[in-house]
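Peer 1: One structure coming up, written as structure tokens, with questions to follow.
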Amino acid sequence: MGIKGLAQVLSEHAPASVKHNDIKNYFGRKVAIDASMSLYQFLIQVRSQDGQQLMNEQGETTSHLMGMFYRTLRIVDNGIKPCFVFDGKPPTLKSGELAKRVARHQKAREDQEETKEVGTAEMVDRFAKRTVKVTRQHNDEAKRLLELMGIPFVNAPCEAEAQCAALARSGKVYAAASEDMDTLCFQAPVLLRHLTFSEQRKEPISEYNIEKALNGLDMSVEQFVDLCILLGCDYCEPIRGVGPARAVELIRQYGTLDRFVKEADRSKYPIPEDWPYEDARRLFLDAEVLPGEEIELKWKSPDADGIIQFLVKEKGFNEDRVKLGINRLEKASKTIPQGRLDSFFKPVPSSPKKPVDTKSKGSAKRKRDSNKGGESKKKR
């Protein structure tokens, strides 16, 4: 779900924190991509003309593999070095949101069966997309494909977005890429959205900078996280009557959620009983992640035979197209630079100016003058 209305808040209150770039602007960058979000996106978007998920002759879903293969090709074609991060176990606090999702899936399946009988094609498609769920098999097959492609991946102990943010904070990658805005709550220095969208959508990459967001909002990291919880996140249900504008106003008025919960008018703001905002805050500020510094990311040459065996012989992909994709991978692995030039230069703190030693400067000048005189004598 992410954070409700956060993109709107940043565009209004911290416009300098948001910019939109062409994918080519990220040539030479390393990016950690939320694989679980990407797979969900592929299962929804990569479909046949009749709106159904792609399948092979055995009836196995292949939308996730088609998306992972060709969207990753587009990324490496543009000189980006991706690594993918997969979800681990969900935090206990997320069980409420997960239960709601299961209920929504079940309701959507029932509605889908009804609309197949009496509804339009558009209605059937809409309800079909609500039933999408990323399974362990989808994850395992995506990991197998990435390994064959020579693209590194990381198994996060918990939330993939949090691990992407940790990799970006450690400097192992330039940015975290996800459609979930809560990646910023995990203190990703830079968040990229729309990186794994199809080229046909012609969507620019939206880049969010956390430091500029905090400056624009005039908030600390803790206040920003409190704001996001108040907006509504996966860990806490939103408070009725509190939209984006009101949430910003309340954090500025009370400073913290602690004061808001303690002092706010409950008749005006019906805060749920046992509202776990403190636990949510802790999950954002102290997420369970692998230390980014200890993770080694290695990009390798693709295993052409392995890719053909998996995608063509096992999953029924078109062999000619897959071979063209392999050629693109091999070309990218040879041409993508180790790093951008600007990554080698870090700002150096300016040292205080030293007082000018006029005496030594004068003596140096006299020495230069005498040398010049000596040289001119020699020339004569």
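Even glycines carry a Cβ here, placed using N, Cα and C.
From Swiss-Prot, for reference:
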BINDING   Asp34, Asp87, Glu159, Glu161  Mg(2+) 1 binding site
BINDING   Arg47, Arg71, Glu159, Gly232, Asp234  DNA binding site
BINDING   Asp180, Asp182, Asp234  Mg(2+) 2 binding site
COMPBIAS  342-353  compositional bias 'Low complexity'
COMPBIAS  370-380  compositional bias 'Basic and acidic residues'
MOD_RES   Ser350  phosphoserine
MOD_RES   Ser351  phosphoserine
REGION    1-105  region 'N-domain'
REGION    123-254  region 'I-domain'
REGION    337-345  region 'Interaction with PCNA'
REGION    340-380  region 'Disordered'
Peer 1: Round to a whole number and give the Cα-to-Cα distance in Å for the pair Glu161 (Mg(2+) 1 binding site) and Gly232 (DNA binding site).
Peer 2: 17
Peer 1: Asp34 (Mg(2+) 1 binding site) has how many other Cβ neighbours within 10 Å of its own Cβ?
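Peer 2: Around the Cβ of Asp34 (Mg(2+) 1 binding site), 29 other Cβ atoms lie within 10 Å.
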Peer 1: Cα distance, Asp182 (Mg(2+) 2 binding site) to Asp34 (Mg(2+) 1 binding site), nearest Å?
Peer 2: 12
Peer 1: List the residues in the vicinity of the Mg(2+) 1 site, defined as same-chain residues other than Asp34, Asp87, Glu159, Glu161 with C-beta within 8 angstroms of the site's C-beta centre.
Peer 2: Ser36, Met37, Val85, Ala156, Ala160, Ala162, Gln163, Cys164, Ser178, Asp180, Thr183
Peer 1: Round to a whole number and give the Cα-to-Cα distance in Å for the pair Asp180 (Mg(2+) 2 binding site) and Asp234 (DNA binding site).
Peer 2: 10
Peer 1: Using a 10 angstroms cut-off on Cβ to Cβ distances, just flag whichever of Asp87, Glu159, Asp180, Asp182 is the loneliest among these binding-site residues.
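Peer 2: Selected from the binding-site residues Asp87, Glu159, Asp180, Asp182 on minimum Cβ neighbours within 10 Å: Asp87.
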Peer 1: Which state, by DSSP, holds Asp180 (Mg(2+) 2 binding site): helix, strand or coil?
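Peer 2: Going by the DSSP assignment, Asp180 (Mg(2+) 2 binding site) belongs to neither helix nor strand, so it counts as coil.
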Peer 1: Say you check the Cα of Asp182 (Mg(2+) 2 binding site) against those of the binding-site residues Arg71, Asp87, Glu159; which is nearest?
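Peer 2: Going through Arg71, Asp87, Glu159 one by one, the Cα closest to that of Asp182 (Mg(2+) 2 binding site) is Glu159.
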